[in-house]
Amino acid sequence: MEGGDHLAHERKKAQFDVEAMKIVWAGSRHAFEVSDRISKLVASDPAFRKDNRPMLSRKELFKNTLRKAAYAWKRIIELRLSEEEASKLRFYVDEPAFTDLHWGMFLPAIKGQGTEEQQQKWLPLAYKMQIIGCYAQTELGHGSNSSKWWPGGLGKISTHAVVYARLITDGQDHGVHGFIVQLRSLDDHSPLPGITVGDIGMKFGNGAYNTMDNGVLRFDHVRIPRDQMLMKVSQVSREGKYSQSNVPRQLVYGTMVFVRQTIVADASCALSRAVCIATRYSAVRRQFGSQNGGPETQVIDYKTQQSRLFPLLASAYAFRFVGEWLKWLYTDVTQRLQANDFSTLPEAHACTAGLKSLTTAATADGIEECRKLCGGHGYLCSSGLPELFAVYVPACTYEGDNTVLLLQVARFLVKTLSQLGSGKQPVGTTAYMGQVEHLMQCHCNVQKAEDWLKPAVILEAFEARSARMSVACAKNLSKFTNPEEGFAELSGDLVEAAIAHCQLIIVSKFIEKLQQDIPGKGVKQQLGVLCNIYALFLLHKHQGDFLSTGCITPKQAYLANEQLRALYSQARPNAIALVDAFNYTDHYLGSILGCYDGNVYPKLYEAAWKDPLNDSVVPDGYREYIWPMLKQQLRTARL
Ligand SMILES: CCCCCCCC/C=C\CCCCCCCCCCC/C=C/C(=O)SCCNC(=O)CCNC(=O)[C@H](O)C(C)(C)COP(=O)(O)OP(=O)(O)OC[C@H]1O[C@@H](n2cnc3c(N)ncnc32)[C@H](O)[C@@H]1OP(=O)(O)O
Ligand SMILES: Cc1cc2nc3c(=O)[nH]c(=O)nc-3n(C[C@H](O)[C@H](O)[C@H](O)COP(=O)(O)OP(=O)(O)OC[C@H]3O[C@@H](n4cnc5c(N)ncnc54)[C@H](O)[C@@H]3O)c2cc1C
């Protein structure tokens, strides 16, 4: 079959209104319209071509990124794009660049930690891109006193950086503070005196994150003007006197709360992209199982394929909704901070840290699983999956190593539990800890498989598991005379308790989403199926936790798995429509296996011939190396 829509028969099976689901996925009709318009704008502009990335040398790749960034900026100004539209444009250009750190960290750091006066001075320059900034926190070795190492945009482009360093006045160390530091001349871009700066070298994968100039930075007797210390949290007077505002010191880390929140939203994008590719290809691919000479089985009909693919599809939706909620939480905490209410900052920190950890880990693993779900073709760069994996996987490390972040969540949970004794009622995502006595002894009320479809049953099982794991950690910790020693010794268990808590948040936010009014034929029902798949998949995967804490019985675990299989069958006819609802253009997907029309094989065949290696029939190097070897063998054989 040539041309046409090879997936049309699959699209006809959908039991819901795909156009309505697109609005739900985008968040609102307005968000959908912006996203749809900008994605088409990028896809139709040859300046944003990206299929050649894996073939380019590092220097060509990097120069190409600079060209795209400058062109994108020009288009943003010409078309008078709003911030929302510009950030969608960045998203669909789909190429990490120094601009990410400028807009995503440098500007937010000044907004969050600079005084009004500092903001008035620096923000207009940064907004007009008259200066370009990065965010320099991480060190090569340890300690905020060696060399900065890793900051994106630092290596070759940034003119300025927010640098985190120890503040010492009168011989007293006041800990880490943020400083705006000019790095390069605004005239000829050369490093300023005392500054050594460069790129740290090639990173994992071809193309991928190598479009970014992650950098190294050293200072030798560099003087930073006093008014370039970010002074919202603490100040140094002209006389060198150190003082602190009436705000928590933790605000110094506020930029990370903001960025981690965006990383959670981004996880749903990366995962949905991989899932879209794997789902479409699984419907196109037929392998074995032919009966009476009929067509072979579509691999998407194999239960094993479904049990690997559909939980990822459900996770993409789950991460989308928890990301939406996290954005709300971040906006709420920001408004409170402006009104000097700091009460929800610890929760915002724990939620952003924990959800960043969980969603990036699941997404990185999920992309790799999608590659395997596509068989051998998934390993071709033209599948789009190798580059997506290479570009995505550092998300498990940047903005805080995922394990380190889970330990932050664990500290928050232990603290919450310890405050119960003094009568402090937990709120927000830890409100369930207020019912800890009930959760410690409740029994799951599942007698038949369908009982697992009740939101209250699922929620109670997840709450009980999380509460019991945290309480067990707290009890074990209390046996240590030195709490820090105890924390280190039990860190493995604490990480698992933190994971249980964060999974509960994602499940509960999906359930809350379903309580809203969701228009469109069949849309809510499909989301209900996905929500149950997500929850029961987690329950099945972590059944050891649920069983060992006595939250469910072995029979109930068995029934959950039985229900999960039934849910896969319900999702099957809707699978293609559920990935169509992401509304990704073929340009954005960048994958032959995932193309909208499913016409995979002719495109793969054509693409192979475009590889530079096929430019000539006899490759470079043949005459030099292979021909003499063949001749030698021939001579030996004749002897
Ligand atoms: C194409 C061109 C187009 C142009 C388009 C223009 C428009 C574009 C528009 C937009 C584009 C935007 C794109 C955005 C994309 C962003 C890209 C992101 C890329 C990622 C780059 C990566 C950057 C980095 O990695 S930066 C470095 C991050 N480093 C870390 O995360 C380190 C991890 N470690 C920690 O977090 C540690 O906690 C610590 C180092 C912060 C502190 O450690 P320590 O001093 O030991 O303190 P600790 O005991 O842990 O904690 C003390 C108390 O503080 C509390 N706490 C800790 N962290 C926080 C926090 N973040 N917030 C609040 N509170 C915090 C902690 O709970 C303790 O509290 P307690 O009450 O005392 O217990
Ligand atoms: C692509 C990329 C882009 C980046 N961009 C920036 C940037 O723009 N600006 C910037 O400042 N930084 C940036 N970083 C740096 C990044 O933030 C750090 O790499 C990250 O915070 C992890 O720190 P680390 O590398 O020191 O790892 P380490 O802390 O050395 O971690 C190594 C291992 O030790 C474990 N470990 C560490 N501490 C503990 C602990 N307390 N308890 C238990 N286990 C522990 C970790 O789990 C991990 O397995 C970037 C990194 C990457 C990969």
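Backbone N, Cα and C atoms are what each Cβ position is placed from, and that goes for glycine too.
For 17-132, the entry in TrEMBL reads domain 'Acyl-coenzyme A oxidase N-terminal'. The annotation FAD binding site is assigned in TrEMBL to T138, G152. The domain 'Acyl-CoA oxidase C-alpha1' annotation in TrEMBL covers 253-414. Residues or ranges marked as active site, proton acceptor by TrEMBL: E399. Taken from TrEMBL, the feature domain 'Acyl-CoA oxidase C-terminal' covers 455-631.
Shown on the structure are the features that TrEMBL records.
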| residue | record | Cβ contacts under 8 Å, 6 or more apart |
| --- | --- | --- |
| T138 | FAD binding site | K148, W149, W150, P151 |
| G152 | FAD binding site | P96, F98, D100, L101, C134, Y135, M212, D213, N214, G215 |
| E399 | active site, proton acceptor | M256, V259, R260, I263, K356 |
Whole-number mean of pLDDT values that fall within the domain 'Acyl-CoA oxidase C-terminal' (455-631): 97
For the domain 'Acyl-coenzyme A oxidase N-terminal' (17-132), the number of residues DSSP places in helix, strand and coil: 90 helix, 0 strand, 26 coil
Local backbone state of the residue listed as 'active site, proton acceptor', from DSSP in three classes: coil
